[in-house]
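Here's what Swiss-Prot has on this protein:
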BINDING   4-11, 133-140  ATP binding site
BINDING   HIS157, CYS177, CYS179, CYS184  Zn(2+) binding site
Amino acid sequence: MYYGFDIGGTKIALGVFDSGRQLQWEKRVPTPRDSYDAFLDAVCELVAEADRRFGCKGSVGIGIPGMPETEDGTLYAANVPAASGKPLRADLSARLDRDVRLDNDANCFALSEAWDDEFTQYSLVMGLILGTGVGGGLIFNGKPITGKSYITGEFGHMRLPVDALTMMGLDFPLRRCGCGQHGCIENYLSGRGFAWLYQHYYHQPLQAPEIIAFYDQGDEQARAHVERYLDLLAVCLGNILTIVDPDLVVIGGGLSNFPAITTQLAERLPRHLLPVARVPRIERARHGDAGGMRGAAFLHLTD
């Protein structure tokens, strides 16, 4: 059995998958915020419960935000303060007496989608998350590409390209990002960025679901906003696709639930690509909230 953990700032979610990659059981508990020992106990207790339930010693994979293993073997995860700065992989491997694998949560999302029964035909899969922020991951021949610092796929921290500034206006504000830079695309393409763009142009503080509801009702202002957003997304994604050239792009995060993102994006891409380039297949993520657990479990299928 394959145990996949999706660990965030508020919850630790465990999913148990069989050899056919089907979810058999899941459980969630709150993430301890202050005590590393309590954090380790929470993970180990879930593993012990799964071992008892299924009568086996399952393999363990963990998806967690941040840098799973720095050069000195410690975790960097600002959203999981109890474990950040600790040698999490080594400590869990020792306590559980098995090889524990860690990866970035965005890589686990991409891995989950790449191992979808239909999508395994593609050698290079790109996951793109349009949620609270913008991120993603790259999967090549069923394995995540992490890079030495685990920042492969941090698409949200690319800067706005020149074509975007031409489209939006040269006086378009380059917003300061949480990373310390200015003009990172996640400030405009995330769910929060989607709402910020609307307020910037129309001076109305609406949230993304409200704007989308107006769009669905045929509101002209909301429709103009979505057109502008999709054009901006196409410009930025075109740069990424020119570098990566994937077979498939799978879009996740809250904005992936808005059908226009996946149905209208492809037609906007050709003018931002090289003439010889082919637009990849673009799909909405298929595994929803289970994707993080699923991808973490499948870290043991990448040998």
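A Cβ is built for glycine as well, from the same backbone N, Cα and C atoms used for every other residue.
Overlay of Swiss-Prot feature records on the structure.
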residue: GLY4; record: ATP binding site; Cβ neighbours (10 Å): 32
residue: ASP6; record: ATP binding site; Cβ neighbours (10 Å): 28
residue: GLY8; record: ATP binding site; Cβ neighbours (10 Å): 16
residue: THR10; record: ATP binding site; Cβ neighbours (10 Å): 11
residue: GLY137; record: ATP binding site; Cβ neighbours (10 Å): 30
residue: ILE139; record: ATP binding site; Cβ neighbours (10 Å): 28
residue: HIS157; record: Zn(2+) binding site; Cβ neighbours (10 Å): 19
residue: CYS177; record: Zn(2+) binding site; Cβ neighbours (10 Å): 17
residue: CYS179; record: Zn(2+) binding site; Cβ neighbours (10 Å): 11
residue: CYS184; record: Zn(2+) binding site; Cβ neighbours (10 Å): 26
Nearest to CYS179 (Zn(2+) binding site) by Cα distance: which of the binding-site residues GLY4, THR10, GLY137, ILE139 is it? GLY137
Identify which of the binding-site residues GLY133, GLY135 has its Cβ surrounded by the largest number of other Cβ atoms within 10 Å, counting every protein chain shown. GLY135
Per DSSP, HIS157 (Zn(2+) binding site) is which: helix, strand or coil? helix
Whole-number Å distance separating the Cα atoms of ILE139 (ATP binding site) and HIS157 (Zn(2+) binding site) is 19
Take the C-alpha atoms of GLY4 (ATP binding site) and CYS184 (Zn(2+) binding site) and report the distance between them in angstrom, rounded. 31
Candidate binding-site residues HIS157, CYS177, CYS184, pick with smallest Cα gap to GLY137 (ATP binding site): HIS157
How big is the Cα-to-Cα gap, in Å, between CYS184 (Zn(2+) binding site) and GLY133 (ATP binding site)? 10
Please list, in sequence order, every residue of the chain apart from HIS157, CYS177, CYS179, CYS184 whose Cβ lies within 8 Å of the Cβ centroid of the Zn(2+) site. GLY156, GLY178, GLY180, GLN181, GLU186, ASN187
How would DSSP class THR10 (ATP binding site) in three states? coil
Relative to the Cα of HIS157 (Zn(2+) binding site), which of the binding-site residues ASP6, GLY8, THR10, GLY135 have a Cα no more than 10 Å away? GLY135
To the nearest whole angstrom, state the Cα distance for the pair ASP6 (ATP binding site) and CYS177 (Zn(2+) binding site). 26
